[in-house]
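Going by TrEMBL, these are the annotated features:
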BINDING   A:HIS75, A:GLU96, A:HIS113  Fe cation binding site
BINDING   A:CYS81, A:CYS84, A:CYS121, A:CYS124  Zn(2+) binding site
There are 2 protein chains.
Amino acid sequence: MKRNTWQREAVRSALGESDGFISAQALHGALRDSGTTIGLATVYRALTDLTDEGEADTLTQDGEALYRACTPDTHHHHLICRRCGATEEIAADPVEQWARQVAAEHGYTKAEHVVDIFGLCPACSRLSETPDTP
Amino acid sequence: MKRNTWQREAVRSALGESDGFISAQALHGALRDSGTTIGLATVYRALTDLTDEGEADTLTQDGEALYRACTPDTHHHHLICRRCGATEEIAADPVEQWARQVAAEHGYTKAEHVVDIFGLCPACSRLSETPDTP
DNA sequence: ATGAATGCAAACTCTTTGCACATTG
DNA sequence: CAATGTGCAAAGAGTTTGCATTCAT
């Protein structure tokens, strides 16, 4: 049976408070700053559980995992700026359908998909004219 | 001045050979299997250089950095069985278009995307009825 | 009371760095 | 010959795990 501990609630709550994506360690720091005495491992475990349960969304950037609260009914993907790290949610309904169809065509079940787009956001595109020779 | 060593060439070449994204360690393993005696650190350094020079593309997934040669003509996606590891190439033309459009709509440039589908292949789907209690 | 969850610290994985030696230009 | 690249091993960063203790049920 899954127990209901204040730590787990604290993680869920803090994740909901935070605006964008946040790293496990940053979340742990925030929780500590808020006066709680939660352990880092517990934060990691809670985040893993939340992700498994579909309550959190995760992506890894630059060697660390970033988490964000996620409503189970809105499966979405991300458009990530490779330079400044800005992240935008994108709806990917066409891709959802396509993914389901491809999986079905090949007889695959329990299909999950990973769809992320990396690029340079408008600001970063302007700031640095990438030297390119095509 | 940047020197021209066989190690650097070997990394560039091996990266070009490999199909999709590949981790530094996997690349190192492949190079070792090919009979070379290149060091892991050298592979990392070469990959960093190649990325800086725009000859390689990088993204991090699941805590490790994946690299790929930056030539856009080797672009396809994979349908991967989570149980037995079988991998099939899939055409993703609709997704290509969608990705390009989404990036453009948001003003992103130099967009790359990651699209992979994980599931259970027909055989594995039959073999193991996944115990699930929703 | 019972057993899952916590917290700490040690273990692990991936990556980077310091330094002596080899190699390139 | 001078300076840059290499290889090894040790150090770092992020994450996971083992185990005794605490706490929800």
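Cβ coordinates are placed from backbone N, Cα and C, and glycine is handled just like the others.
Any TrEMBL annotation is an automated prediction that lacks curation.
The Cβ neighbour count for A:CYS121 (Zn(2+) binding site), using a 10 Å radius over every protein chain in view, is 23. In the three-state DSSP assignment, the secondary structure recorded for A:CYS124 (Zn(2+) binding site) is helix. DSSP classifies A:CYS81 (Zn(2+) binding site) as strand under the three-state reduction.
In the three-state DSSP scheme, A:GLU96 (Fe cation binding site) is classed as helix.
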